[in-house]
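Worksheet: one structure, shown below.
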Amino acid sequence: AGARGGAQPQRKKGDGPRPTEQADASLPRRSGRVALVGRPNVGKSTLLNAALGHPLAIVSPTPQTTRDAILGVVHHGPAEIALLDTPGLHRPRTELGRVMNQAAREAARSADVIVFVTEAPDPARLPRRVKEDEEGPPLAPHPGDLTLLADLGSEAPVVFVLNKVDRMRDKALLLPLLDAFAKIRDFAAIVPISALREDGVQRVLDEVGKLCPEKDWSFAPDELTDRPTRFFAAEYVREQILRATKAEVPHASAVQIERYVEPTGDGALHIDATIHVERPGQKKILIGAGAEQLKRIGTEARLRIEELVGRQVNLKLWVRVTPEWRESLQRLEELGYNKGDAS
């Protein structure tokens, strides 16, 4: 989260579009909003980044890493695909969790196409009978997937994506699972992928592009997102918190941009940010002995922001205890989490 403002990040050389994605002038242009929907940690943000050819969205093994619906624009052949990476739908335990679920549902409701993302099972957790190809019930859909699919409605076409198929050495084990999903609803397409390895991502874009409505593009080819750079500055600080800390600290942390001074000429971008936590013990962990932890977080976040904006960044961080901010609608509003939109 963080206050709005600042220019939008632009697509740079090397970010795409790839040569195979160039538009055929004889085909009608298409443009659509496409919501990536699914449980937490199934790889929606990794899929967005792979589609963009740029690590725009933050990624971590921590559930509920994505808190806001983040739009990334892909021009794929004649189609302009505005991909909305949404928070993982889950059973909320805080007001923040309820706001995140609301953002995901609003994104799905406003979408022209929905990409429902789930994951192949972790081989380490498979029943022995499946690993040894013994007789017995086949792999079944995750109960959470069944609930989410039932809640999707039937207006927008849905492309089903089974991510993380690279986990499974024997891909044939996934066929009964895919068949089970195919019986749940009439998907526009079913696509197995590995977003991490960028395997199958182009086929997802092919299928989604065909489903987008015929209309002119809304974004310039070099536009990467509609979010301002300062939003991603806050996100990239939070990304480093997710990587550096464990347990409740990453969940209890929010980043607020207090000062954002655009550079002039070849000068540096100046950013001051406050990290809000809920308890003094969390603040102590974030700062670390001799402030070393906070310095590492700041250094890694600064490098990530510099990669995005293509210039030097001066980043200063403070840590503040804001008790129970996740349960306060007012605090959530101040931190940018309760905007009531899905853009």
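Cβ coordinates come from backbone N, Cα and C, glycine included.
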Among 64-68, 129-133, 134-138, indicate the range for which TrEMBL gives the feature region 'G2'. 64-68
Would you kindly list the residues that approach the region 'G1' (38-45) from elsewhere in its chain, counting only those six or more residues past its ends and only Cβ-Cβ distances under 8 Å? 57-59, 61, 63-66, 70, 85-90, 116-119, 142, 144-145, 148, 163-164, 195-196
Tally of helix, strand and coil residues over the region 'G2' (64-68) according to DSSP? 0 helix, 0 strand, 5 coil
